[in-house]
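Here the structure comes first, spelled out in structure tokens, and everything after it is commentary.
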Amino acid sequence: MDIVLQQLVNGLTLGSVYGLIAVGYTMVYGIIGMINFAHGDVYMVSAYITAIVLALLSFFGIHSFPVVILFTLLLTIIITGVYGWTIERVAYRPLRNSTRLAPLISAIGMSLILQNYVQIAQGARSQGVPTLLDGTLRMHIGDGYVQLTYMKVFILVAAFSGMGILTYIIQKTTLGRMCRATQQDRKMASILGINTDRIISYVFVIGAAMAALAGVLITLDYGSFDFFVGFVIGVKAFTAAVLGGIGSLPGAMLGGVILGLAESLFSGLVNTDYKDVFAFGLLVTILIFRPSGLLGKPAVEKV
Amino acid sequence: MSNVASEKMLEFKDVDVFYGPIQALRQVSMHINKGEIVSLIGSNGAGKSTLLMSIFGQPRASAGQIIYCGQEITKKSAHFVASNGIAQSPEGRRVFPDMTVEENLLMGTIPIGMAHADEDIQHMFNLFPRLKERRNQRSSTMSGGEQQMLAIARALMSRPRLLLLDEPSLGLAPIIVKQIFSILKDVSGTGMTIFLVEQNANHALKLSDRGYVMVNGQIRMTGTGQELLVNPEVRDAYLGGH
Ligand SMILES: Nc1ncnc2c1ncn2[C@@H]1O[C@H](COP(=O)(O)OP(=O)(O)OP(=O)(O)O)[C@@H](O)[C@H]1O
Ligand SMILES: [Mg+2]
């Protein structure tokens with residue numbers, strides 16, 4: 001029983017981070033109907049930015065955890081957002097009215113550029129950041145217990161807050177309504193006075209910002225990373241987005257959490273080596289019964 | 001109308017529009033004066049919707065000029081045009097399917113901001129009580145006629161100087177059509193300029209100060225609403241009268 005609970009908690013943590021990254025895939029897909037293949041690398045870049053910001057803060061003698069975490073989150077999110085904006089400008093906007101395949105290829109190109117640029121600038125070896133938050137929270141349940149490092153508690157809180165804030169922005173604010181309008185009918189949105197190119201840029205920035213939040217959290221927790229970390233987690237997050245129904249924001253979050261839970265439960269209860277097989281098996285099974293994902297809408301041809 | 005200074009609000013000068021190789025507008029010249037109600041009639045495929053959309057550059061005119069309040073807007077972006085006071089209830093309604101009625105109305109406020117939003121939404125609910133009942137319903141689940149009302153209300157929400165309506169009576173019950181035309185008359189009384197595309201030529205011309213008849217992408221005829229109403233050619237082709 002303990003192990004199930006423990007793995008549920010672990011899975012929720014992992015899944016919340018998948019959800020954060022999946023948001024970027026799903027929003028970009030929703031608004032331009034294309035997969036941003038460079039998104040995993042945006043995540044990877046944010047890991048490096050996290051390390052650089054941490055080094056700078058430490059250089060200036062700032063060590064208090066709340067201050068460090070606040071600055072790291074803020075700066076990493078902003079700088080990674082600029083990367084998201086640039087990717088849209090360079091790889092997508094010039095190809096807005098071309099064939100659907102062209103931006104797909106330019107996005108793969110962008111992904112390669114980012115990986116190689118980071119490799120050249122930062123070296124190919126894996127890097128690390130120091131532990132910021134020590135200690136473990138232990139909750140007794142019956143005669144057993146569930147334990148969670150403080151860092152994981154922080155991840156849970158930060159990730160769900162991030163998703164909560166984003167949901168609020170998309171559902172309740174003018175910016176969010178403009179995003180949804182552009183997603184649902186771009187031409188009509190422009191006729192109503194929305195600068196749809198700008199909204200598409202914002203969506204890339206939002207996606208990158210969410211990936212950056214995930215990047216900071218995972219990097220602080222895990223400690224080490226290299227220029228290739230974006231790949232696996234990108235594939236996982238993409239899987240989460242498809243699982244939840246690509247294009248659907250709550251779907252991406254739900255997909256992330258389900259994927260995280262499935263992975264953790266399977267590796268805790270059955271076998272660690274085959275957890276990815278199980279996760280993808282789950283995806284296939286769900287897609288057989290719900291081809292458009294859990295919360296996705298049946299595909300309609302975009303005009 | 002004699003009491004309206006005939007200052008041009010919108011003018012087309014020799015405008016050509018193409019869809020790929022297909023020419024949809026040929027040398028179209030027409031204008032709408034400030035405060036007027038002008039209607040455009042013509043058979044299916046004549047190019048009426050194309051003319052309305054070309055004001056927003058979608059599709060863009062390949063030759064000629066479109067001038068709005070003295071400024072050339074031929075090459076301006078759609079959002080620029082909208083921000084300067086032109087609103088359209090387009091062909092096919094194009095309400096945002098996954099938004100509620102209220103959210104759709106709010107989308108109309110983009111050019112002017114939210115300052116009057118509550119007041120204007122109440123006003124729209126008074127004009128179209130049906131929308132009030134459905135305010136939290138997703139618009140894709142509304143009937144065609146309800147969506148039509150929503151599209152018109154959404155256009156009105158931006159308090160436009162020039163209101164473009166593409167077949168506002170389409171799919172509406174006769175009693176509602178009557179209401180809509182009386183609403184148009186009212187808003188026109190507040191100084192709004194209205195440009196109307198209609199299949200329902202009888203209604204439209206009765207309401208209009210002037211009208212244009214379009215055939216195969218060209219303006220074939222123009223005159224006051226009354227003149228066109230009694231014109232035998234117009235009667236035969238568009239009023240079903242003999
Ligand atoms: N996207 C498009 N691509 C190619 N041709 C188009 C396109 N849209 C319209 N056309 C063509 O342009 C011409 C004018 O179309 P338009 O929609 O402006 O007509 P309309 O007068 O509004 O007709 P209706 O009364 O049926 O709405 C038609 O021949 C139509 O087939
Ligand atoms: Mg039409």
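Easy rule for this one: first residue shown is 1, then count along the chain.
Backbone N, Cα and C define each Cβ position, glycine as well.
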Given ranges A:101-119, A:253-271, the stretch to which TrEMBL attaches the annotation transmembrane segment: A:253-271
Stretch contact, the transmembrane segment (A:42-62) with the transmembrane segment (A:277-296), Cβ-Cβ under 8 Å, 3+ pairs: no
Top Cβ-contact partner of the transmembrane segment (A:12-35) among A:225-246, A:253-271, A:277-296 (pairs under 8 Å): A:253-271
Residue numbers, six or more beyond the limits of the transmembrane segment (A:253-271), whose CB comes under 8 Å of its CB atoms: 3-4, 6-8, 10-23, 163, 167, 236-237, 239-245, 278-279, 282-283, 293-295
